[in-house]
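*Asks:* Quick one: this structure, given as structure tokens, is what I'll be asking you about.
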């Protein structure tokens, strides 16, 4: 408390002077004595954070980056056996719920499991076609991955299987370089390899605890991306719905619409009529379920019902409906192993890796977002890194058993939740149902028309167009809305991965823009308090005469140090102009409120130094208020503190103002 | 002040209750009366910033981005004529100083102009060779650009001409694709075209007021880059210094050193002896000038003296020194026009543009940094955007008059400053000297040995290796030091532009890392004050019973919203564990100190909402303290405020604690 003691000395000096003053009258003397100098305002020293070695700082920093949830905390002070159990539970969440599993839970899980199976079978076939894969691969993918997830996953409501976005992206990216009609085996190999890489990438993110990578897909980006993808997916279904044979292989809106209207001669009215009527049925069912959450089973049962109905119609009228294309022969039997089809060499390896990483990120984002949504509804936690590992291992296993990329599907998970699922056993039930289908019911799909798959897909993806969320973005944050538009139009007109990249770029640019041009404000005192607030925002705040208090609302970095230096000098210039225009008392002290300066780098330190020097030349006092711990540390390390001295730092603006003005008063 | 009035009503209610209590004795009654309920703590309402339309916000935002220095302010309230004069002065700073120019200033400028000319002539020739251009181009570039700068530039001490870094980068980038020995005309065309694009790019940055782009080259990046480039440049000089004929065209350290030691048979001892002795002289002169700033003329005069001396030696001993290579014939005469050599089509256009942009950015960074350094020494302002336009126009004009990229050189500007330059007239004097050299003295350079040019370059660039700055980076900011190392090794081992790109990437990553994993802290009260500070940092700070006060030290963005949500919940969990371990009073209220939350986006708003909901489920009160203006606006727009109500927002942590605890006390 050097500053404080120095000031006390000063007051002592003043008192001595008073004693030797000769007063003209006793009354005057008494008067002077009855007004003792005001007590020195209490000043608290700004202290450095507890000193730590570079290694300690590094450890703390790394643990904040990689272990923000402190996963090892729960192992503290536990017995050896308990630690083993906790460890097992950590890696296999099945051990958390399995011991308490009972018949009542099973009952709920059977009902929900059967419900999602009725949705998973038609959707599996449809999404496989979206990825340009044989329909049977969609069913395979609804069998193995859910079983693996039920052992490793920590969400209780996630319904695992193929999803529309990842299917679309895989289909787009692979078919840009390899034709699925000319080279079906290579295409299939690449799809499995991409799935393998997606799994490796996902598991690696989880193992290396780099889960924050997916945070860079902001909500705004996803709203735009999903809407764009939904439109792209729906447009692709025009092929099936209109019965067009020669359709473009491109995905963007312009070539697809051109292709649709150039091929009007291929439109088949039977197909259109069938597609339109089933689409109508499905959309109505969706509407009914949305209106009344209890009727969720209407939209859940509609796809399978439509498949059965349309298959019956085609089977009965097959001679009269030659134009309506059907799925055709599907092989009976379980998933064949596909590890021999993984492709680790040759010219398409890069394509497979790229596709794997993009679909991997997208499916992770969807799976984790869905898991978190339902976890927060039921008030339990889903660990992001653990989910990544579960989804990753599930895809790695999937790629060796003829499955393509799978994750938690939003629509099916919602149905699962509404149907009363209690644990991941509902996924096991679904798997079993798919198993029975694969073993015995495959021939029944022979006459299922392709058009119905298109209708099912459109109904599933239409919910991804969330215009209400986009409106909210516009209302709350215009820049977020622009990000959303970029990703929407990027996906529609350029390409799916590029649209995504543009949106991520815009999001990052937004952060950098905020860092480059941070807010600064002149503060005033709110009368009767120790609070200093922006003069512009609080009408009741008052300027403190002879002081200029500037708050910088961002870390001071290389990216904004030049700007902040200029801006601070402009604040001072404007204040001086204002003072001379209004004949106020001259400016004597500039206080920099550093409360919101949460970090600083070497350029920032130089800026503080530079501003200090410039103000010194103008004979202005320059003090800092409330520098944060790490900022203080860096100021200290760079010896800037030497030029400020202990008196140049205050714990709050209020103490700075009180102390400095009392120093002025005691210096006549 | 709804919150306040509500609380006053509440107190009124308590008082009524007191009145009807039956007291056992009069003394007890009086006792109760003498302790009136404490006055309600004063609570200030958190207000929204003054409401503005989206358009107004956009205008304000854009003006902060592009016009942070408010360049139009000076035109306010001026007469029509004065406005014209100010406008002319703005675009042509020559009008600022020319009217007051006098003989005394001219005297200083002539001395400093002649001094820098003696440095500019040998350096010009040397740097042109560094860029693989004919030596004469270096002299041309020291003639036209300084004249243009003297009309447009706002720095008084900048010595304009070719510089080492930009020369090196241009040489590297162009010779990677075009050989300067096989296609000298194409190479020259590309160099002029790159200069033209550099000028266009620089002027465009200035005109569009995008000067902050160069701020992304942080000091840390530049320290590493300069040191790496200095080593690369010095290694290139081994060709001349050792007299090697067959030298690699690559720039990286490994191939250059390999090439040097593979060609030991080409080493020429006469060349080595001459080079070593002159290098020693030049380095000694440099050392002398560095020890004593007044002897600056020693290092300023040394290069020209060495050139004259070595030329004489070679001329006199030419029969005995056949191995020493000389510059050879140089054409007499002024800069020939080169606008017909600009190359705006064909396959190398991309290369020329890329080279132009990279050299343009680098030379801008150097020029502006140098200008600012000397301006701050003499306490005048250099306008970054205006400098960009000046340097840009100078390079555009240069590209049409056989000049390559020029900017303000650090070494020559320092000499200029020390020699007493007062205005840009010293550049005009230098130009004139170069003009005389070009017209009459060119044949004198015929016998100047190449080895002396190498020695001059090494002496000039050795000062760029600033190990003290690197040490300071290590001391102050470890991450800055890593950035510096990345750019250093990137330049040495990969390539100059890629090394730069890596360093910029690392800098941006540093910003993103800080945003992704911001600091959070639990606060406590510093006794006897209204100040709340980190419990970890301030030992004297005390926990407030039943409260948990968490400060978030960053904007809440999509990139950190998940992390912050988990981290806040962990703070609460840890607090509850601590409480139960220490038998403290139970946690009732969580205060989120948002002072340092300077911005928020839609994901951040959702996080606040989500945390609020979770705490509600745990029956914990959740309030926000001191949300910034734009944060408040977004919370308001997204209707989050409805769930908090007016009572959930406080202007400071201190008011929140006082008010909430008084509410508890009055609710028995």
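Cβ from N, Cα, C; glycine included.
TrEMBL annotations: computationally assigned, not manually curated.
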*Asks:* Looking at A:365-393, A:394-422, A:481-509, which one is transmembrane segment according to TrEMBL?
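*Replies:* Here TrEMBL associates transmembrane segment with the stretch A:481-509.
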*Asks:* Labelled transmembrane segment by TrEMBL, one stretch among A:319-341, A:342-364, A:526-548, A:549-571. Can you tell me which?
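*Replies:* Transmembrane segment, as annotated by TrEMBL, spans A:342-364.
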*Asks:* In TrEMBL, which of A:61-79, A:80-98, A:99-117, A:574-592 is labelled transmembrane segment?
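*Replies:* In TrEMBL, the transmembrane segment feature sits at A:80-98.
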*Asks:* TrEMBL tags one of A:133-151, A:608-626, A:627-645 as transmembrane segment - which one?
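*Replies:* TrEMBL lists transmembrane segment for residues A:133-151.
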*Asks:* Please find, within the list A:39-55, A:158-174, the residue stretch that TrEMBL describes as transmembrane segment.
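*Replies:* Here TrEMBL associates transmembrane segment with the stretch A:158-174.
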*Asks:* Using Cβ distances below 8 Å and needing 3 or more such pairs, separated by at least 6 in sequence, tell me whether the transmembrane segment (A:481-509) contacts the transmembrane segment (A:186-208).
*Replies:* no
*Asks:* How about long-range neighbours of the transmembrane segment (A:133-151): same chain, 6 or more residues beyond its ends, C-beta under 8 Å?
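*Replies:* That would be 92, 94, 120-121, 123-127, 158-162, 171, 180, 187-188, 191, 327, 330-331, 334-335, 390-391, 393-395, 397-398, 401-406, 424-425, 427-428, 430-431, 434-435, 437-438, 442, 445, 453.
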*Asks:* So which of A:158-174, A:424-445, A:451-469 is most in touch with the transmembrane segment (A:220-247), counting Cβ pairs under 8 Å?
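*Replies:* Looking at each of A:158-174, A:424-445, A:451-469 in turn, the most contacts to the transmembrane segment (A:220-247) are made by A:451-469.
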*Asks:* Could you pull out which residues elsewhere in the chain have a CB under 8 Å from any CB of the transmembrane segment (A:186-208), counting only those six or more residues past its ends?
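*Replies:* Tertiary neighbours of the transmembrane segment (A:186-208) are 66, 131-134, 137, 170, 173-175, 178-180, 214, 338, 341-344, 348-349, 351-353, 355-357, 359-361, 363-364, 385-400, 402-405.
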*Asks:* Does the transmembrane segment (A:451-469) make contact with the transmembrane segment (A:342-364) through 3 or more Cβ pairs under 8 Å, each pair 6 or more apart in sequence?
*Replies:* no
*Asks:* Can you count helix, strand and coil residues in the domain 'STAS' (A:537-660) using DSSP?
*Replies:* 66 helix, 21 strand, 37 coil
*Asks:* Across the domain 'STAS' (A:537-660), what does the pLDDT come to on average, as a whole number?
*Replies:* 87
*Asks:* For the transmembrane segment (A:342-364), give me same-chain residues lying six or more residues beyond its boundaries with a C-beta closer than 8 angstroms to one of its C-beta atoms, as numbers and ranges.
*Replies:* 163, 165-166, 169-170, 173-174, 177-178, 186, 189-190, 192-202, 205, 213-214, 217, 388, 391-392, 395, 399-400, 405-407, 497, 500
